[in-house]
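Quick look at what TrEMBL lists:
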type: TRANSMEM; residues: 159-180; note: transmembrane segment
type: TRANSMEM; residues: 186-212; note: transmembrane segment
type: DOMAIN; residues: 289-359; note: domain 'Cyclic nucleotide-binding'
type: REGION; residues: 363-383; note: region 'Disordered'
type: REGION; residues: 404-446; note: region 'Disordered'
type: COMPBIAS; residues: 414-428; note: compositional bias 'Low complexity'
type: REPEAT; residues: 630-662; note: repeat 'ANK'
type: REPEAT; residues: 663-689; note: repeat 'ANK'
């Protein structure tokens, strides 16, 4: 065994001449054999490994120690203590285990502390016996006093007795027969006990740290629970609300340490961006609001948003709330209702009435939306022929969003009907569903966030947006939302959206255009559905459609026609038209803002003489005659500044050489004022007068 150990340590010594290392200054992995050898030989590990590999027994015998007296041989044996330097590998081993997470923290702590304690007591046991041998096993030594327990005994029994003596001293228990009495034994015992003070403190400290760490977290949880209980008692909260707050606290407390902010906060932007893409890019892409948006805009949106967690049965929003955050579902489902429907009571009824849904063989058709998309939403609409629900919520008519598949992928529409799930083609012909009151109920499919105009419930899934119209138009919410499962949603605050608008005005315009197109499409389909059940006459339908197509808002439609149609439309339908008008107003305002910003940048670049930027803007469709509020064009500014190349570029792209501003000045007059002769000649060459 002794020679095998020497062979292994020698092999380890040789192998380290071929182990690559990281340069501490550059952080680069060094693989050059010469540099590896120089680095290893100049480190403190090389002499330690060399001493560990030396056959000290053979060397001592070669110097004649074998023929020396026993006491001399015992003294020379202390030279072998030099090989204790090989123990640094034990510390390196546990250091590697600690950071590789191969073992749990508790398991690693027990294994490491046990190993350290065993090495210390083993070494002390050998030293106690060696000190006695150096003294010649005198009657005063601890071995001499216990001669019957040592003489004639096997070596392992003598070792175990020495180890017992060492462990009893280490733990402070002691033994009435095993104690140090000679001066050498007392000297070593003093050193050993001092060492035990530090080793014992280390072991107790690591155990205490692990226990206290768990106690601190449990104490924090208890403190939050106690604070919630006091708050509920002082403010007399209902028991149901208090229980919901307790459940939410438990979930958020458990998920807090693994939240995106906690985990990703230390990483650079590039890594955070990749992780956020992996987690949330697909749900965001499946949301209709962001169709056609560029990757940079979506990355910025993911960075600005945060993840909200909701337990089942939590009222996420209520009708009339001021919506300050845009919620995009990334997991779970939410029941959404509109027009003063108690979605909480409806959900409770639904949850209490069945433990799931069974499929039957019946089916019904859904009314296809204008864009033909069906995903992200299941509609649970009011009672009607072919469209019935456990909620028992009647409605005038509605446009919901079906989804036969989760995650925002198109599929067959689903509608809860009498305890069963009916499936129908998302592209089938329109079919009216009339309830006993004579009012229709319709289901339409599209990726979450469309309009619903009846008193019905709508289950939205991954990729759906909640209350997006109130968010963008700053009106109170027209819908209430309640989580039916554990829900995770991306929450984009209003301030973050405004920053995105400043950074990506064109992408924000795409989002608003998508919103407007969806509202128009849903309302158009809903009005046709209303005509199918004879709610609207052909003339009234044409008037209502004219309201939808009125790009300048309702003010551009004949008031008499609006009044005539209003009598045939329900309040919910008129509110939908009003919301569409609000959306269009927001889009128009944003378009004006974007156009003004582009004109300002265009004029600024013309005044500065930036030919390449101007050429790019002109190629993107910017008019060469764009002017500010005073009618000053880029050609006038470039002529005044003497930028001949800019003037030529603008004239080549159709700029009017004789156009006047509000003060009657032209590009030629501006060039004359500044004395730019080359620009004057150029303008005259293009026919300026």
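Quick reminder: no glycine exception, Cβ is built from N, Cα and C everywhere.
For the repeat 'ANK' (663-689), the DSSP counts in helix, strand and coil order read 17 helix, 0 strand, 10 coil. With DSSP states grouped into helix (H, G, I), strand (E, B) and coil, the repeat 'ANK' (630-662) comes out at 17 helix, 1 strand, 15 coil.
Proximity of distant same-chain residues to the transmembrane segment (186-212), defined by a Cβ-Cβ separation under 8 Å and at least 6 residues beyond the stretch ends, is recorded for 105-106, 109, 112-113, 116-117, 120, 124, 127-128, 131, 166, 169-170, 180.
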